[in-house]
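Could you have a look at this structure, given as structure tokens, before my questions?
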Amino acid sequence: MQEVTWIDKWRGIREQEWFKEMFRMKVKITYEVFLFMLALIALATLFSDNEDYIWIDRFIWLVFFLDVVVRFVRAPKKWQFIKENPLDIIVAIPLDAIFQSAKILRIFRLIRIILIATRFMNPIYQIIRENKLERTISFALVLIFIVSIPVNLVEPDIQNYGDAVWWSIVTMTTVGYGDISPSTGLGRTLAVILMIVGIGIIGVVTGSIASYLIGHKQDSEDDDVKYIESKLKNPKEWTEQDTLIMKTMIDILYEKNQDKDSIVKIEGTQKRTG
């Protein structure tokens, strides 16, 4: 049999479902983050009449327009896509060439921002639902708004309640810009509480995201096993390339589970000798 080269191993890796799923997820996450950043930029320039921002708005519209076109082309049922995404299609129309009213254009720009942000929030909602993080996030929000009340009253550097909420958020997320620093004993005590709670919440959220990604990877590995089993039923139809890919996939799966099998064998030996 022909010796397996690194090129054959790479092809075998690419054929595995876990690799395909991992690549798709990375591309999707990168794209969703890109859309979310565009939404933030659009929100920041929404109420500005500065003509220098018109090119930013047109670039955001172009990205949104291409996104709608690609999703429409890839949709198996075109009419169903139109019925399910009417706002996307309307907002993708270059309305600045039709309407001259700044208020009307601003409304459509706001709808576009909401639609883009919604696309980004869908996977976040899924992670929150699967890991039951609703109470954790609700607790964090309530704590931020409650702590902001005494901080606004006792801290001389904080001028209003909005500044207090801003300070509470950056403190809980352990960002700490340093633009506002507590100078009273009560303020510093509340800052310590927010930081401790924030560290715990970040740990919970990070663990939930990791668990979500690992779960998807495990499902992909199960698909690899099913793929190998289906191929083993018809070995006569294999080409030489199929044989090399199958061998590589089995070797990789074996290496990934070798430690697990060793543990099982050791436990079995201990039971027999015990």
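Backbone N, Cα and C atoms are what each Cβ position is placed from, and that goes for glycine too.
TrEMBL does not curate its annotations; it predicts them automatically.
Relevant sequence annotations retrieved from TrEMBL are reproduced here:
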DOMAIN    143-213  domain 'Potassium channel'
TRANSMEM  29-47  transmembrane segment
TRANSMEM  53-73  transmembrane segment
TRANSMEM  137-154  transmembrane segment
TRANSMEM  161-178  transmembrane segment
TRANSMEM  190-214  transmembrane segment
Looking at the domain 'Potassium channel' (143-213) alone, can you tell me the average pLDDT?
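Mean model confidence (pLDDT) across the domain 'Potassium channel' (143-213) is 83.
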So how many of the residues in the domain 'Potassium channel' (143-213) end up helix, strand or coil by DSSP?
53 helix, 0 strand, 18 coil
